[in-house]
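Here is what TrEMBL says about this protein:
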ACT_SITE  Glu430  active site, proton acceptor
BINDING   Thr138, Gly177  FAD binding site
DOMAIN    17-132  domain 'Acyl-coenzyme A oxidase N-terminal'
DOMAIN    284-445  domain 'Acyl-CoA oxidase C-alpha1'
DOMAIN    471-628  domain 'Acyl-CoA oxidase C-terminal'
Amino acid sequence: MEGVDHLAHERNKSEFDVDAMKIVWAGSPHAFDVSDRISKLVASDPGFRKDNRSTLSRKELFKNTLRKAAYAWKTIVDLRLSEEEAAKLRFYVDEPAFTDLHWGMFIPAIKGQGTEEQQQKWLPLAYKMQIIGCYAQTELGHGSNVQGLETTATFDSQTDEFIIHSPTLTSSKWWPGGLGKVATHAIAYARLIVGGREHGVHGFIVQLRSLEDHSPLLGITVGDIGMKFGNGAYNTMDNGVLQFDHVLDVYSIAFASIAVMLWVSQVTCEGKYKQSDVPRQLVYGTMVYVRQTIVADASCALSRAVCIATRYSAVRRQFGSQNGGPETQVIDYKTQQSRLFPLLASAYAFRFIGEWLKWLYADVTQRLQANDFSTLPEAHACTAGLKSLTTTATADGIEECRKLCGGHGYLCSSGLPELFAVYVPACTYEGDNTVLLLQVARFLMKTVSQLGSRLSSKKPVGTIAYMTRVEHLMQCRCGVQRGFAELSADLVEAAVAHCQLIVVSKFIEKLQQEIPGKGVKQQLEVLCNIYALFLLHKHQGDFLSTGCITPKHAALANDELRSLYSQVRPNAIALVDAFNYTDHYLGSILGCYDGNVYPKLYEAAWKDPLNESVVPDGYHLYIRPLLKQEIRTARL
Ligand SMILES: CCCCC/C=C\C/C=C\C/C=C\C/C=C\C/C=C\CC/C=C/C(=O)SCCNC(=O)CCNC(=O)[C@H](O)C(C)(C)COP(=O)(O)OP(=O)(O)OC[C@H]1O[C@@H](n2cnc3c(N)ncnc32)[C@H](O)[C@@H]1OP(=O)(O)O
Ligand SMILES: Cc1cc2nc3c(=O)[nH]c(=O)nc-3n(C[C@H](O)[C@H](O)[C@H](O)COP(=O)(O)OP(=O)(O)OC[C@H]3O[C@@H](n4cnc5c(N)ncnc54)[C@H](O)[C@@H]3O)c2cc1C
């Protein structure tokens, strides 16, 4: 029945202050207030309806996304929302769109790599959305290998202009979000050529379309690259293809520095290239920034899937009826708990590692401004490795949550197929996860000699096994005289182990903070132990081979895991309630707050366009002739 909370009995079992946990999850009382207010604003506005996406054609879907993006912008302006509130609104609108790249990459790139002059020229236009930008780095022929990009930017000292050109088919820009049909400007990455000499890949701000009629400018060929994985999902985004045919970057030499997108290098008025004495990798700064935001996004996406699967697991009953009594809730099966609760623990673990990574990124950015590059290698390794670890675990976790919901998990109305389809490219964009782990492996190889310092007694006991595992994996690989390439598959495993160590360590550090609320810290300690022991169980071969645990320890760890699952069980619904997601944002009948699943599933089915008529379109043309065939064929 509507209005009845079918999960009330579960909520009454909670052993901790859920409202206090909501603050922990949000990060602060202020952050909770903004999230709570904006999520309810979006959920209550029919202009942000999203339950019809899977029934729209690509063109209808895309036009609807443009409408929503424009409506969101109008809402932001009319309500005078702050930058923080506006970002939250775009998050809860929950639709990949060109605005993700405009706000998520184009603006950060100008802020992070532009000179004062460039920021003064471009940021006011971008903040008012009087220009719409995208981040055009990847090409048809190269994505991972940035140094392999082929687009050229040749400085013409005669005319004081840059000529941007796509010399080959494979140099066509390919994939940039928002590029296909919307962006008026791009930060395009190209090989800078000055005076016949090449100076590597740099970013350029290039106008693509007229601000009068949106037509592509002279020399610009631009379009969408076509349908992507899954229906609806990321097809709301116009990932594009772009070719430059000797495009003049219209900025004269007086503004040449405006075009060359970097405070780390300049083309002077005399047409000379001036490289600052900073690491050339700063040109990758935007990717590092986005990678750390993607870790926070992973905790959002995983928590969303876990919320759906946990609530449904408490609603679903299957087998186990005694004397005609109710069947067993599937959440009470140990197999369901052993699949679901480590994902619940991971969602919290990724939330806290995302908080730490945000601090690390802010710290390295502050140091860069003082020309202190000492922590840049570690920041690169951490953002690359944690982006890889959390997105792989989240993509796999969303799929596991679909399976935890049985057949109904495969319905679009469960919200899980679309969440999976939208999320999985996170394992590829912003750096292929394996390529990024190779960067971590390279960092570890360089620092393996310092790993010994890790085993200082001041480290929490819980992490010593994890530290020893990384050292063992590295020493096993580095000890043999074979090249990096030959050992790369093994070194990637060590890189994963290193990242898991970081997540466990930061979760433990989080628990050393003051955490208010009855029972809140105790619940987080249980989740931290589940995360750490689940990984120890999953990789027990590594841990046993280090000798720092014995088979008996491994068995005890498994017993402890089962006990921890029993401790989580009465708090599971409250722990996902703490994410404070509206039914609108979850977009899932299986995950609805009141647990009133079956009537909603049944009602939703009849809304499918296929049920607009009891006799399907096509019956008379195809089915009736089939059914009315000669009797003789029926006897075959
Ligand atoms: C409907 C339901 C809705 C559900 C919604 C739910 C969830 C949605 C979730 C997400 C969506 C929402 C928000 C997501 C937010 C943002 C994302 C949005 C969209 C994503 C758009 C994607 C954009 C892109 O993909 S941009 C392009 C990204 N491309 C890459 O990442 C390329 C990867 N390649 C590289 O980075 C480099 O090529 C390389 C691999 C690092 C190699 O570089 P190279 O120059 O060749 O260097 P090396 O020789 O390897 O190393 C030399 C030296 O440099 C050091 N180094 C390398 N990189 C860096 C760096 N970045 N910083 C510092 N130092 C670096 C390296 O270590 C080495 O050092 P050494 O010499 O000392 O060893
Ligand atoms: C949805 C989506 C949105 C995107 N948005 C943007 C955007 O806005 N802007 C933009 O510029 N780009 C964007 N991209 C492109 C994205 O950044 C690239 O696809 C990504 O960096 C991977 O590069 P690639 O496609 O060249 O993969 P490849 O490198 O070709 O990967 C193919 C395989 O080769 C392996 N491999 C590659 N190099 C090595 C190596 N050295 N050692 C071992 N294995 C290797 C990889 O692990 C992978 O298994 C987007 C991509 C997607 C899917």
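Quick reminder: no glycine exception, Cβ is built from N, Cα and C everywhere.
Fewest other C-beta atoms within 10 angstroms, among the recorded positions Thr138, Gly177, Glu430, are seen around Thr138.
For the domain 'Acyl-CoA oxidase C-alpha1' (284-445), the model's pLDDT averages out at 96. Thr138 (FAD binding site) is 10 Å away from Glu430 (active site, proton acceptor) when you measure Cα to Cα.
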